[in-house]
Structures are given as structure tokens and as C-alpha cells.
Amino acid sequence: MVVMSFVLSAIMNSDVATLYQGVKICCVAAIFVCIYIHAQHLEGRQFYAISVTVLCVGLLFFLMSKYAVPAFYVVLGDGRQGSLFAFPGVLWKTCAFFIGFVIVGMLFDGRAKKIAVTAFIIGFYLLIADSSRTGFIIFALVVLLMGLLGLYTRPKTVVGAFIGCVCAGILGLLLYSGGFTSMNPDDAPLVLDRLAAGDPVRMQMLVDGVAHSLECLPLGCGFGTTVSDVEGGVMVVHNAYLSSVGDLGLGGLMGLAILMFSPVLFFFTRLYKYSALKYKPARDLAYAVAAFGGVAGYILLLMLHPFSTELSEWGIWIVMVSALSVMSQRMTNDDPELKYQLGA
């Protein structure tokens with residue numbers, strides 16, 4: 001439906017660029033099929049290993065850019081950090097989307113604790129360096145899902161981990177900028193300042209996006225036309241759902257919504273089936289919840305970022321949906337010979 005919306009919008013607006021973007025989406029779809037098929041052969045622990053590797057590689061390139069090759073280092077005027085490999089606004093994705101698998105390996109799957117804890121610290125460091133508000137919101141969402149899972153499966157472990165995190169957080173506040181001076185709002189971490197400041201620019205984008213979408217019903221005005229004039233410059237509206245209406249019409253919004261929410265529907269359907277099983281594969285459930293956190297985070301991401309046809313933007317969704325598919329299928333397998341409990 002999304003591809004058809006590109007075609008219809010291109011024809012109605014005589015816009016070759018929109019048709020070209022539709023071709024790019026077709027290429028993304030082909031890559032999705034390839035990754036989805038191959039992901040069916042992976043296990044939860046392999047997704048954990050992939051996540052640890054991704055975080056380590058992300059740290060390596062960031063530190064290399066910052067200290068070894070300063071020409072590749074990027075720092076914005078407000079202090080957000082990144083590199084030519086992952087600009088500020090991109091660096092955080094490594095942590096926020098893959099951290100769920102690391103938490104499962106650390107708390108629920110008996111993986112090497114030192115490696116898992118190190119990977120978690122690496123991810124949080126990258127998140128702090130980027131200081132993305134979206135990143136912290138998605139990170140909090142994934143951690144919350146892991147906490148709810150833990151309360152269901154291993155309440156003592158989660159309560160202990162929560163107390164430890166609270167103590168570590170208090171200690172971090174006391175040490176930040178030297179002792180109790182961290183309580184001074186002027187010394188607060190950058191991301192807290194950005195969260196407290198709000199985002200009037202984004203609000204103006206939403207207002208302009210709604211107005212443009214209503215003008216362009218029902219088939220849209222062409223890809224990239226949903227823009228807003230903010231702070232003296234024209235920017236694409238940072239809401240993919242609004243952009244899909246303004247660019248591609250109602251068909252674009254419906255297609256995007258189906259892509260985003262159908263994996264969620266399938267997951268909850270399988271979760272209901274899981275609840276009725278006699279032999280419950282708890283470890284597979286944990287990895288499925290981690291993947292679901294990534295999918296839910298991407299749904300949230302599209303509410304705060306532009307609609308894109310780039311593989312670099314869709315790649316994370318492809319990986320998370322593929323992981324959710326395979327792990328949710330395995331958690332509903334009722335063969336007692338294949339079941340193992342958390343920490344087994």
C-alpha cells in the first residue's frame with residue numbers, strides 16, 4: 001500500500017522524485033525480506049551477541065573519531081556529540097534499540113555478567129554523548145518493559161537491580177560536576193536541560209503539518225512537501241505519520257500504520273497463546289519482549305522524526321521486526337523437549 005501511494009502521488013503531482021522515492025522503498029522491502037528470512041535461523045542468544053557487537057563497534061568508531069581522528073569528530077553548538085559515522089541524533093540509536101537484548105542477557109539468560117554489564121555501560125555512554133531526548137524516551141520505554149517482564153518472571157532480581165540503579169543514580173548525581181553542586185540546574189546534564197526546555201519548534205511543525213495534510217487530501221502533494229518554516233528556515237515536519245498524509249495521502253498513512261502496528265498485533269496474539277501453554281519458554285519470552293521494545297520504540301520514533309526512504313532509517317525496524325517474529329514464534333512452541341526456563 002505504501003508503494004502504491006508513492007505511485008499515485010507521483011502521477012497526480014507529475015513528480016518524478018516521488019516515484020524515485022517509491023523505488024527506494026521497494027529496495028528497502030526487498031532487503032527486509034532477505035533479512036527476515038535469514039533471521040528465522042537465529043536464536044535469542046545470537047541476537048544478544050549481535051547487540052553487544054553493535055554497541056562495541058559504535059563505541060570504537062566514536063572514540064576513534066573523538067581522540068584518534070579529530071577531523072571525524074562532530075560536536076554541535078549545544079554540546080551534543082557524534083561523528084561522521086554517526087551524527088548527533090543518530091548515535092543514540094545503537095543504544096536505545098539494542099539495549100533490551102543486553103538486559104535480557106544480563107539479568108535473564110545467564111550470559112557473562114561482566115560482558116553484559118560492560119555493554120550496558122557502553123550503550124548508556126553513547127546515549128549520554130548524543131543527549132537525544134527521543135533516545136532517552138525510547139531507552140526508558142525499553143527499560144520499563146524489561147522491568148515489567150522481570151516483575152513477572154524474577155521479581156527479586158528486578159527489585160535488587162532497581163535498588164542498585166537508584167543508588168548508582170544518586171551517586172552519579174552527587175559526583176557530577178563535583179559533589180552537591182550537581183543539584184544546581186546550571187550544571188545539569190545536557191539531556192535534562194533539553195527535556196526541561198520543551199520544543200516549541202516541533203509544536204509549530206505539527207501545526208503546519210496538520211494544515212498541509214488537510215490541503216493535500218486524499219492523494220498527497222508529493223514526497224518531501226510536508227514542511228514547516230521555523231527559525232528562519234524550511235524544515236521537513238518531524239512526524240512521519242503527518243508527513244505520510246501530506247506527501248502520499250490517506251493511502252500512505254494507512255500503509256505506514258499497517259507496517260508499524262501489524263507486528264504489535266501479531267505479538268500480542270502470540271502472547272495470548274503463550275499464556276495458555278503448559279510449558280512456557282520463558283527465555284524466548286524475554287528476548288521477544290526485548291524485540292517488542294525495539295518495535296514499539298520505532299513506532300514512537302516516527303512520531304518525532306521525519307518520514308524517510310533511507311535504508312539507514314529502516315534498518316533498525318527491519319532487524320527488530322525480524323527478531324520479534326522469530327522469538328514470538330519460538331515462545332509459542334509447546335514442545336517440552338525444547339523448553340528451558342530463565343537462567344537455565
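Glycine too: its Cβ is placed from the backbone N, Cα and C atoms.
The transmembrane segment annotation in TrEMBL covers 20-39 (among others).
Residues 72, 81-83, 85-86, 91, 94-95, 98-99, 101-102, 104-105, 109, 111, 115-116, 119, 122-123, 125-126, 129, 287, 290-291, 323, 327 of the same chain sit 6 or more residues outside the transmembrane segment (46-64) yet have a Cβ under 8 Å from a Cβ within it. The transmembrane segment annotation in TrEMBL covers 46-64 (among others).
Tertiary proximity for the transmembrane segment (84-105) is limited to same-chain residues at least six positions away from its ends with a CB under 8 Å from its CB atoms, namely 44-45, 47-48, 50-52, 54-55, 58, 61-62, 65, 72, 74-76, 111, 116, 119-120, 122-124, 126-127, 129-132, 134-136, 138-139, 142-143, 145-146, 286-287, 289-291, 293-294, 297-298, 316, 319-320, 323. Per TrEMBL, the feature transmembrane segment maps to 84-105 (among others).
Look at TrEMBL and you will find 112-128 (among others) tagged as transmembrane segment. Listed by sequence, the residues of this chain that lie at least six past the ends of the transmembrane segment (112-128) yet keep a Cβ under 8 A from its Cβ atoms are 51-52, 55-56, 58-59, 62, 91-92, 94-96, 98-99, 102-103, 105-106, 135-136, 139, 189, 191.
Annotation comment: TrEMBL describes 134-152 (among others) as transmembrane segment.
As annotated by TrEMBL, transmembrane segment applies to 159-177 (among others).
Sequence-remote contacts of a segment are chain residues at least 6 beyond its ends whose Cβ falls under 8 Å from one of its Cβ atoms, and for the transmembrane segment (248-272) they are 1-6, 8-9, 216-220, 223, 240-241, 288, 292, 295-296, 298-299, 302, 307, 321, 324-325, 328-329, 331-332. According to TrEMBL, the feature transmembrane segment maps to 248-272 (among others).
Among the features that TrEMBL reports, transmembrane segment is placed at 284-308 (among others). With a threshold of 8 Å between CB atoms, the same-chain residues lying at least 6 positions outside the transmembrane segment (284-308) that come near it are 44, 47-48, 96-98, 100-101, 103-104, 108-109, 134, 137-138, 141-142, 145-146, 149, 153, 202, 226, 236-241, 243-244, 247, 256, 260-261, 263-264, 267, 270, 274, 314, 316-317, 319-321, 323-324, 327-328, 330-331, 333, 342.
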